[in-house]
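Report on the following structure.
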Amino acid sequence: MAAMDADIAPFDTARTDHGLMDRAVEQARAAVGLPVGTRIVAAMSGGVDSTVTAALLAKAGYDVVGVTLQLYDHGAAITKKGACCAGQDILDARMAAERIGIPHYVLDYESRFKEQVIEEFADAYLRGETPIPCVRCNQTVKFRDLLDVARDLGAEAMATGHYVQRSFAAGANRPQLRRAADPAKDQSYFLFATTAEQLDFLRFPLGGMDKPTVRLVAAELGLAIADKPDSQDICFVPEGKYTTVIDRIRPHGALPGDLVHMDGRVLGRHEGVTRYTIGQRRGLNIAVGDPLFVVKIDADKRQVIVGPREALLTQALSLKEGNWLGVEDSLEAAAAAGAPVLARVRSTREPVPGRLTLVPGPNGGEPRLVFDGLEEGVAPGQACVLYDPADPERVLGGGFIVATERAGL
């Protein structure tokens, strides 16, 4: 087992704000909820959040093992500012683990990440969807494969630097997933697919902190990454140009087609449906009187359908690959019961009220969400994350949007 915090020599305790540090350590202990000395794997990406997570757990007296996944290593993505899990970030994680005084392992998951995240990302665009690879990464590589590694290492829990909270309601025997204390950093949207079994094993020590506090803790500990920029956008997409990745992974996938007005008029040509997303206005290169937006993508017909902004208004959507953390057994069961929910269709938006219904069909039917009002620019492929209207901080689950019902179509 790891030594207690008094034995972690690399930390410069003389320069530490003990009030801040004591609060942070106690918060980490509370988030873990396991006896001091328990082995915990800390997922370390090389960023500020995961590094502080590992450091706080070590100071709290846990037996911490740092694990970093090498997920990709191609071209400009390696040196992209704000990337993670490649190149310099792996070196940063290794150096941080050495300073903290914990063992550190780097695991090569490049081929698995390529297959489960990058290729799925490209294929989703070819299907006319707008994918959300961060959810796929958490759902597969990080919260499935890495949890298996943690168990193989003899850990009782795995901690990450995500900004979400895990807590128990009175009398409950299973934890809830809840939004972070800092709304600006809340990552619950990206973790909706976390299963109840995974949540039993996971810990999120930073969920009750804000980012300025985390950076202060990093600075007090003398960690070199205290001022390192946050990761931005999609980690494996160089300079935000996602079409570069698609063209490399599926070089002959995107074929030209027609830009079609929703009234049936052909307005021009496009270079491939992968260049467009629902709600897009720029880059259409068509000259008409009123502003037009992408309202639908028909990949089978190679058509990008455009219309006025009001055509983006959505009254309902269908979900696939659902995950459910509520009292019902599944998302389908909650939908069959007509459960009221708060629904969030983009990470940058607040949840809005709606109600689940179930469309009869194979495999238990298809969950459907009907909004109380109208929601703009809902895109197939994105996540729809569901929260409890009686307790809006609680994540109930969600699914991936497979189809939408437009008010204007």
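In case you wondered, yes, glycine gets a Cβ from its N, Cα and C as well.
A quick note: this is a predicted structure, and the numbers were derived from the prediction, not measured.
Features as listed in Swiss-Prot:
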BINDING   Ala43, Met44, Ser45, Gly46, Gly47, Val48, Asp49, Ser50, Leu69, Gly161  ATP binding site
ACT_SITE  Cys137  active site, nucleophile
DISULFID  Cys137-Cys235  disulfide bond
SITE      His162  site 'Interaction with tRNA'
ACT_SITE  Cys235  active site, cysteine persulfide intermediate
SITE      Gln382  site 'Interaction with tRNA'
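Overlay of Swiss-Prot feature records on the structure.
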{"residue": "Ala43", "record": "ATP binding site", "DSSP (3 states)": "strand"}
{"residue": "Asp49", "record": "ATP binding site", "DSSP (3 states)": "helix"}
{"residue": "Leu69", "record": "ATP binding site", "DSSP (3 states)": "strand"}
{"residue": "Cys137", "record": "active site, nucleophile", "DSSP (3 states)": "helix"}
{"residue": "His162", "record": "site 'Interaction with tRNA'", "DSSP (3 states)": "coil"}
{"residue": "Cys235", "record": "disulfide bond", "DSSP (3 states)": "coil"}
{"residue": "Gln382", "record": "site 'Interaction with tRNA'", "DSSP (3 states)": "coil"}
Seminar exercise, completed: Sequence-ordered, the recorded positions among Cys137, His162, Cys235, Gln382 whose CA is within 10 A of the CA of Gly47 (ATP binding site) come to none
Seminar exercise, completed: Quick note, the residue listed as 'active site, nucleophile' and Ser45 (ATP binding site): C-alpha atoms separated, nearest Å, by 13
Problem set entry | Nearest-integer angstrom distance between the alpha carbons (Cα) of Ala43 (ATP binding site) and His162 (site 'Interaction with tRNA') | 10
For this session: Whole-number Å only: compute the distance from the Cα of Cys235 (disulfide bond) to the Cα of Gln382 (site 'Interaction with tRNA').
Result: 17
Seminar exercise, completed: Per the 10 Å Cα distance test against His162 (site 'Interaction with tRNA'), the recorded positions Ser45, Asp49, Leu69, Gln382 reduce to Asp49
Problem set entry | Local Cβ density at Cys137 (active site, nucleophile) - other Cβ atoms counted within 10 Å | 23
Seminar exercise, completed: By a 10 Å Cβ neighbour count, the lowest-scoring of the recorded positions Ala43, Leu69, Cys235 is Cys235
For this session: List the Cα distance (Å, whole number) between Leu69 (ATP binding site) and Gln382 (site 'Interaction with tRNA').
Result: 25
